[in-house]
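Residues or ranges marked as domain 'Metallo-beta-lactamase' by TrEMBL: 613-835. Annotation source TrEMBL lists transmembrane segment at 269-291, 303-330, 367-386, 392-415, 427-451, 577-595.
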Amino acid sequence: MARRPLVAIAACWAAGTSIWSLWSGREALLAFAGTLLLLAACALRSRADAATAAACACALLLAGGERLWADARNVSHLTSLVADPDGRRFWAVGRVASPVSVDGDIAAFKLRVSEAGVPDAEEEGSAREGRKLKEQLWIRVKLTAEPQQTVASSWRRGDEVRIEGELQKPATAGNFGGFDYGKYLKSRRIHWVLSVKGAQGVEPLDSPIPWSARLLRWTDEARDGIGGLMDTLYDGTDAGYMKGLVAGIQDDLDPAQFDSFSRLGLTHVIAVSGMHFGVFAFILLKLFALLRLTRERALELTIAAMPVYMLLTGASPSAIRACIMGMIALYMARRDKLKDGLHLLSASLIAMLAWDPLLIENVSFQLSFVVTAGLLLFAPIATRLMPVRPPALRAALAVAVTAQAASFPLSVYYFHQFHLLSLPANLVLVPFISFVVMPLGMASAALGAVWHPLGSFAAEAASWCNRLVDWTVNRLGEAGGMQTYWPQPSVRWVLLAYALLLATAEGLKRRHRAREERERWAERRAAAAIPSFDARRRAARVAAYAGTGLAGEATAPLLPAEPEKDAPPERGRRIRLLFPLVAVFAWSFWLVWGIRPAAFDRDAKVMFLDVGQGDSILIRTGEGRYGLVDAGGTVRFGPSEPWRERRDPYEVGKKTIVPLLKQRGVRSLDVFVLTHLDQDHIGGAEAVLNAIPVRRLVFNGSVKPDGSADRLFRLAEERDIPIYSASEGMEWKWDASSSLTVLAPEAGPSGGSSIPAVDEQNDRSVVLLLSLYGRTFLLPGDLEAPGERRVLASPAYATAPVDVLKAGHHGSKTSSTEEWLRAWNPREAVISAGRSNLYGHPHPAVLERLETLGIAFFRTDIHGEIQYRIAPDGKLERRTMKNAVPAEHDDT
């Protein structure tokens, strides 16, 4: 702290900004007070002088105050026009403030509003004539015809437009731990989405483009030109990959390729960062050397080129950080002054957070600074300690290990997965991509801009390298048993990880220094024991003493001296001896805490996930076993026109269910039940089977005539997953306190080998009675009235009332009859339905029926995810994600 005051000030600035992101109110004030006390303790113990401690305290408080000020200004002003803007018609005049993304039948961009109002047809009390205001809106245009794609592509940053559409509040997270789109947009100072139907809803206005927007507009056009050039130089997925690698254009990156890179933790090579700027600066300096420019002029030109490259690559947080650090480093080299990496990083951190405190919540920003700091702090130590002979391999291994160690806690916190082959993949592929593929890609773009055939040679070489990289990534990614999933850790777990990293690095550094001291002492003692008249050994003795002097200690006299009798001073020897044991214990505790945070939790859970218009229920038993009932799905009506297809369409399994399973630490599913084969129940099943090991798959013993589920069953067979046909009377004892009983469908004819084809699947649903610590849940799938009567008449019907009933068929009027509800007499009912769904689920008659019978009901379209927790003593607790429904207990 005393030796690097700027680093300490930057750390306090980051802490002051972060505290308000992590906590609020009393907890935040306590965090500030604790940090100030820590600074005071460092000053009192002479870890830092008073001036440095005071500067750190000022940085902490200034950063905290700036963050509060930024949050106070990060509000919407649209309520001055309309009391409740959500769902209202609205018009706005403003300028396009981002590149326009055209993906299938959706065009989207950011609008910086200068004037806004509501149409004349709206009710009184609203601002019909429009008002001047400053606001940012996210515009989402639903294109209605293919030619509108061309119209939308013609919109440019800086254009002034008038837009009319429906104002919508961004969706918040529907599940505990799920993605919060509203929070994501708020961190970018956007509070509303304006939905527009058709490109005709965006009317360009004839007005001059301000100079402030011209530079960014030219940058967008240059990026479009680079992307177009790459499309002509590369084929297929190579084009999208090389756009991302060279210019940071990730719009056309193949989703499957991105998933393969993500699985191995290699997506950082696509995100523009210090590696890209380092290669860019190296190429420029070599080029200027060939042109025989002076060193000073070459450095000046490279400094000037840095911000240009930053803008051309999209100006992401990692690119801005690398640009600032690179420019300062090159300037210090121009002045022939010593440059220190940690000071450069600290200056970049303070500058970026002072400009925009909300950047602290950006994942790219966090990973960029944490990994860079880790490399600067730990890579030199790791290089000295690596027992590897070739210096180049030792340095590469040290960098790979350090980067993995620095990024691991944040990667687990945000992405909940880690591949055990990530380290060898980064060790082998990152240098190859950085020093072979990327220079070839840059060369292909530069040469292709001059003469296309010349760029094609470099592009062909890069494509051959890409095939080798893809083959390696796919082979490593397919290795069995290497993917690990981690439940959502706490912020304390992340902070402890970095505290342990710092402590471990300091301990290793001290042990290494002590070993070097002992070795030097041994050399001095051996040299002192050599007789002074031995001319042949005198040179060794002199060299030993001279080496001691070069090491920074007082040079020993060259005259004969008495041999040292005492051993070298062993400062903190006991601590150094205990260090390995303490380190192993601390890291083991941290790993167990991360892998099994609920190791001693014996509560069972039933989680009705919010998957839109569909069903998905996650079950956890008291012994930590997991089961999944249905996997949601997106219902599509008829074949879609090809031009409407998006590059990476939303799929509920990949985008919602699988991330939630990872986030909750589900490493395998004991049972995966498909109640029936309609798309809104099996749509996400394929993604689940691809991502999570499944021990048994249970279905309703039928197939659909259209073959929509055939691919799913083939995938299960390829993965050697046993497939069982459910029938009434089957019971599975999950563990000592959990069981599943099948109440329907009826068993098929004995001895039959064929599976019946059933088009109308609802009344063929698997009906499950789940028991957890004596509490019962009835899960009937999409069972309708005829099926309900069959279950009540079957021998498998249990007369005891259930605690929770899932309403059949999403609350349709054809299900949940009065007879069914009276027979089961549930305390509560759960209705799984999508917001504003086309079917009108749940039906008002069903809701009225539940109210008449005194059954409390909860809906995923209103309340989001609905969770039930059952304690070993049978106590039942419920909580919901939305609408502030308090957790309730039932001890009866």
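Including glycine, each Cβ sits where the backbone N, Cα and C put it.
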Exercise for review: Average the per-residue pLDDT over the domain 'Metallo-beta-lactamase' (613-835) and send me the rounded value.
Suggested key: 91
Revision key, fill the gap. Residues outside the transmembrane segment (367-386) whose C-beta sits under 8 Å from one of its C-beta atoms, at least 6 past its ends, are 14, 268, 273-274, 317-318, 321-322, 325, 341-342, 345, 348-349, 394-395, 397-399, 401-403, 405-407, 410-411, 498, 501-502, 505, 508-509, 512
**Study point:** Sequence-remote partners of the transmembrane segment (269-291) [C-beta within less than 8 Å, at least six residues beyond its ends]
**Key:** 241, 244-245, 248, 250, 253, 258, 261, 297-299, 301-302, 305-306, 309-310, 313-314, 316, 318-319, 321-323, 325-326, 330, 364, 368, 372, 429-430, 433-435, 438-439, 442
Review point. Mind checking which residues reach the transmembrane segment (392-415)? Cβ under 8 Å, same chain, six or more beyond either end.
Key: 262, 265, 268, 363, 366-367, 370-371, 373-375, 378-379, 382-383, 386, 422-423, 426-427, 430-431, 486, 488-489, 493-494, 497-498, 501, 594, 662
